[in-house]
Amino acid sequence: MYVEDTIAAISTAAGEGGVGIVRVSGPDAPSIARRVFRRGSNGDFESHRFYYGSVVDAVTGEAVDEAMAVLMVRPRSYTREDVLEIQCHGGYLVTRRVLELVLAAGARLAEPGEFTRRAFLNGRIDLVQAEAVIDVIRAKTDAALALAQHQRQGRLSQRLDTVMAELRQALALVEAFIDFPEDDIDPAAQDALTVHVRKAAETVGELIAGFDEGRVLREGVAVLIAGKPNVGKSSLLNTLLQEKRAIVTSVPGTTRDIIEEVVNIRGLPLRMIDTAGIRDTEDIVEKEGVRLTLEKIPEADLVLLVIDGSRPLDEDDRMILSALAGKRLILVENKCDLPRAVQIPDELVLMPRVTVSTSRGDGIDELKESIFQTFIHGAAIDSREYVAVSRVRHRDLLSRSTMHLTAFEQGLASGFTLELLAVELRDALAAVGEVTGETTPDDILDVIFDRFCIGK
């Protein structure tokens, strides 16, 4: 339950820095400003104006730090409440001391995400926009940031609003039919009903179809580099990273541990996993590396299967293919700078394949493009118009809405009662409303906002 009290927290990262910010929100923010902040001029704080002065202990009168303070009078603030921000020096101890004085002056310590939760509860943003705030903070690539900013600015919410508008129109028609059962249903009204439902279903379907792309942009993907020893797996990792991260020698079995690094390909964050070469071996340490590799395979979204193009495939290659059965693969034929001796078997002919030379850098751009196109199918992710669902919560609720819309259309065709059809429309509308927060239970809100840091 939302309690209209006053909360406070440090909004900047812990540790040393140039500036530390203590944020206060609630009805007591103006009085707290007067108690803990001393400035040269007298009188009330003017809203949205920065003042220079000192943070003081209200009991002893001691100046704790020189600082800047700004009071933002509601509703023109992040939370739509009175908000005070004190900008002091960024040391760990001084910001903690300023926060303690603010708490002593009447505020309580904010819970994780409570400032953004208040912005949501006070109607400044919807739940999709609130969730986008944490995505902005955690974005690792420009594309992930752009997607998060689009959602924070309300692009996805606008699409969902059009869906709910269509469903409300449809529900209004059905309820009118129910209220006046003695009247024959006008064929034009029934056609309008069908149009409203199909428009809503089409938009929901488009959003669900874009989920996979949205998810990988927000979360990234795990790409495992697999193959037998000495085919160039570590060299491929180094080439993609453009640095010597993994040890490369001519001795088979050099890599015996798992190496993970992040690579950004056109805004797509990749968690690259370099693994030990897979083969039958009696070496105890190498055998442990092979075991770790096999354990990593299930968590990979994509496997780059590296083969040596200068040698024929052998039993080790076939054993690896068997271990990778059912995985999404790109066949990477390395060492194209040497005479080609490999023959691609029929079962691999249709597999995506890129020929590279890690020693010369040949084919690396083509490999990057192939990886990108595996997950992003031509979407203009840098476009101002790009909108995608990126959270499982959103996808599942939209899928539930689709289920009810499908049941509605089937029921309409089968002559179900209007009351039953109205139930399906209400349930479809409620599912979409839960995405934006119109109908979201408090326990779900707790889960969402608990993921935020304190101070946001």
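Any Cβ shown, glycine's included, is placed from N, Cα and C.
Here Swiss-Prot flags R23, E85, R124, K456 as (6S)-5-formyl-5,6,7,8-tetrahydrofolate binding site. Counting only same-chain residues at least 6 apart in sequence, those with a Cβ under 8 Å from the Cβ of R124 ((6S)-5-formyl-5,6,7,8-tetrahydrofolate binding site) are P75, Y78, T79, R80.
Summarising the annotation, Swiss-Prot assigns domain 'TrmE-type G' to 220-376.
For N230, T249, V251, T254, the entry in Swiss-Prot reads K(+) binding site, with the evidence type sequence analysis.
The DSSP secondary structure for N230 (K(+) binding site) is coil. Swiss-Prot lists 230-235, 249-255, 274-277 with the feature GTP binding site, giving sequence analysis as the kind of evidence.
Summarising the annotation, Swiss-Prot assigns Mg(2+) binding site to S234, T255. Within 10 Å of the Cβ of S234 (Mg(2+) binding site) there are 25 other Cβ atoms, across all protein chains.
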- Among all the protein chains here, how many other CB atoms are within 10 A of the CB of K456 ((6S)-5-formyl-5,6,7,8-tetrahydrofolate binding site)? 19
- Of the binding-site residues R23, E85, K456, which one sits closest to K233 (GTP binding site) when you measure Cα to Cα? K456
- Query: Within 10 angstroms of the C-beta of E85 ((6S)-5-formyl-5,6,7,8-tetrahydrofolate binding site), what count of other C-beta atoms is obtained when all protein chains are considered?
  - Reply: 21
- Among R23, E85, R124, K456, the record's (6S)-5-formyl-5,6,7,8-tetrahydrofolate-binding residues, the widest C-alpha separation in angstrom comes to 19
- Query: Rounded to the nearest angstrom, how far is the Cα of S234 (Mg(2+) binding site) from the Cα of K456 ((6S)-5-formyl-5,6,7,8-tetrahydrofolate binding site)?
  - Reply: 41
